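Q: What follows is a structure written as structure tokens; I'll ask about it next.
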Amino acid sequence: MPATIKTALEIEKMRIAGRLAADVLQMIEPFVKKGVTTDELNQICHDFIVNEQQAIPAPLNYGQPPFPKSICTSVNHVICHGIPADKSLKDGDIVNIDVTVKKDGYHGDTSKMFVVGKPSILAERLIRVTQESLYMAIKMVKPGVRLGDIGHIIQQHAEGHNYTIVREYCGHGIGANFHEDPQVVHYGKPNTGEVLEEGMCFTIEPMINAGQRYSKVLPDRWTVVTKDRSLSAQWEHTLLVTKNGVEILTLRDDEQIDRIISH
């Protein structure tokens with residue numbers, strides 16, 4: 001299935017949902033510290049989304065088996081889809097918080113790496129390179145570019161630092177549905193894959209490992225971990241392809257990249 005092209009009204013709704021998702025990550029930052037449990041972080045985010053934003057946390061009861069929480073919290077060697085639990089964060093932990101807000105029928109999906117206390121040099125570097133790869137990919141987005149070009153630049157940057165790309169999970173189209181076509185893989189060959197068009201909305205969300213790329217799913221059927229228990233990092237934004245570039249619908253105030261990039 002080709003990606004859906006969003007109407008002007010849909011784009012407005014996507015902007016609102018994206019802004020709300022970004023606001024959740026900004027709101028939760030001061031709470032991510034030593035001793036807090038990921039379930040406490042989940043409850044704070046849930047209450048904020050439902051009560052303050054009057055919106056819906058899309059992960060809750062999503063999929064099969066139904067996801068039991070409102071955000072994903074992926075700590076250290078957890079790649080993605082970590083289920084918030086009563087385990088406390090400790091000094092040096094790295095945690096990805098992944099938020100999807102549904103407002104007025106449309107979704108905003110974004111994630112950010114947080115560090116508890118002082119990270120190791122390895123963790124800090126992995127987090128930085130993963131974010132750099134996301135930004136490099138975002139800066140390429142414009143009509144006529146192909147998805148293989150985007151995957152390739154992420155793969156080149158990550159592997160250039162001797163990291164590996166998780167291949168089983170990918171970015172995705174987004175809109176009235178949480179997950180739509182196209183699939184946006186984070187590796188690939190230039191000049192292959194679907195051609196981007198104005199009005200497409202999708203996520204880019206590279207998952208990059210310090211060790212080998214292989215992953216496994218835990219018995220809870222959601223939590224994905226690195227097979228070798230090496231650290232994994234991920235950053236994610238929801239994007240809109242504009243007439244001559246890209247708009248980052250989930251941009252936070254703490255970022256060093258423009259919301260609208262034109263070529």
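Each residue, glycine too, has its Cβ placed from N, Cα and C.
The shown structure was predicted, so the numbers you read here are calculated from the model rather than taken from an experiment.
Residues or ranges marked as substrate binding site by TrEMBL: HIS81, HIS179. Residues or ranges marked as divalent metal cation 1 binding site in TrEMBL: ASP98, ASP109, GLU236. Residues annotated as divalent metal cation 2 binding site in TrEMBL: ASP109, HIS172, GLU205, GLU236. According to TrEMBL, the domain 'Peptidase M24' annotation covers 12-243.
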Q: Which are the residues of the chain, ASP98, ASP109, GLU236 excluded, whose CB is within 8 A of where the CB atoms of the divalent metal cation 1 site average out, their centroid?
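A: Close Cβ neighbours, site residues excluded: ALA21, CYS72, VAL99, THR100, THR110, SER111, THR203, GLU205, HIS237, THR238, THR250.
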Q: Around the divalent metal cation 2 site recorded as ASP109, HIS172, GLU205, GLU236, what other same-chain residues have a C-beta within 8 angstroms of the site's C-beta center?
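A: Near the divalent metal cation 2 site, the remaining chain residues are ASP98, THR110, SER111, GLY171, ILE174, PHE202, THR203, ILE204, HIS237, THR238.
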Q: Closest to ASP98 (divalent metal cation 1 binding site): which of the binding-site residues HIS81, HIS172, HIS179, going by Cα position?
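A: Nearest candidate: HIS81.
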Q: Just the number: how many Å between the Cα atoms of ASP109 (divalent metal cation 1 binding site) and HIS172 (divalent metal cation 2 binding site)?
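A: It is 10 Å, counting Cα to Cα.
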Q: Name, in the order they occur in the sequence, the residues of the same chain whose CB lies under 8 A from the CB of GLU236 (divalent metal cation 1 binding site) and which sit 6 or more residues away.
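A: Set apart from GLU236 (divalent metal cation 1 binding site) by at least 6 residues yet with Cβ under 8 Å, we have ASP98, ASP109, THR110, SER111, LEU134, GLY171, THR203, ILE204, GLU205, THR250.
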Q: Give the number of CB atoms, excluding that of HIS172 (divalent metal cation 2 binding site) itself, located within 10 Å of its CB.
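A: There are 21 such Cβ atoms around HIS172 (divalent metal cation 2 binding site).
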Q: A 10 Å Cβ contact count, applied to the binding-site residues ASP98, ASP109: which residue has the minimum?
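A: Output over binding-site residues ASP98, ASP109: least Cβ neighbours within 10 Å is ASP98.
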Q: Roughly how many Å lie between the Cα atoms of HIS179 (substrate binding site) and HIS172 (divalent metal cation 2 binding site), rounded to a whole value?
A: 6
Q: If I restrict to non-local contacts, at least six residues apart, and a C-beta distance under 8 angstroms, what lies near HIS81 (substrate binding site) in its own chain?
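A: Within the chain, HIS81 (substrate binding site) has Cβ neighbours under 8 Å at PHE67, CYS72, SER74, TRP222, THR223, VAL224.
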Q: In three-state terms from DSSP, label HIS81 (substrate binding site) for me.
A: coil
Q: Which value does the mean pLDDT take for the domain 'Peptidase M24' (12-243) in this predicted structure?
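A: Mean model confidence (pLDDT) across the domain 'Peptidase M24' (12-243) is 98.
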Q: Hey, what's the Cβ neighbour count for HIS179 (substrate binding site) at 10 Å?
A: 17
Q: Enter the number of other CB atoms within 10 angstroms of the CB of GLU205 (divalent metal cation 2 binding site).
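A: If we count other Cβ atoms within 10 Å of GLU205 (divalent metal cation 2 binding site), we arrive at 25.
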Q: When DSSP states are folded down to helix, strand and coil, where does GLU236 (divalent metal cation 1 binding site) land?
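A: In three-state terms, GLU236 (divalent metal cation 1 binding site) counts as strand.
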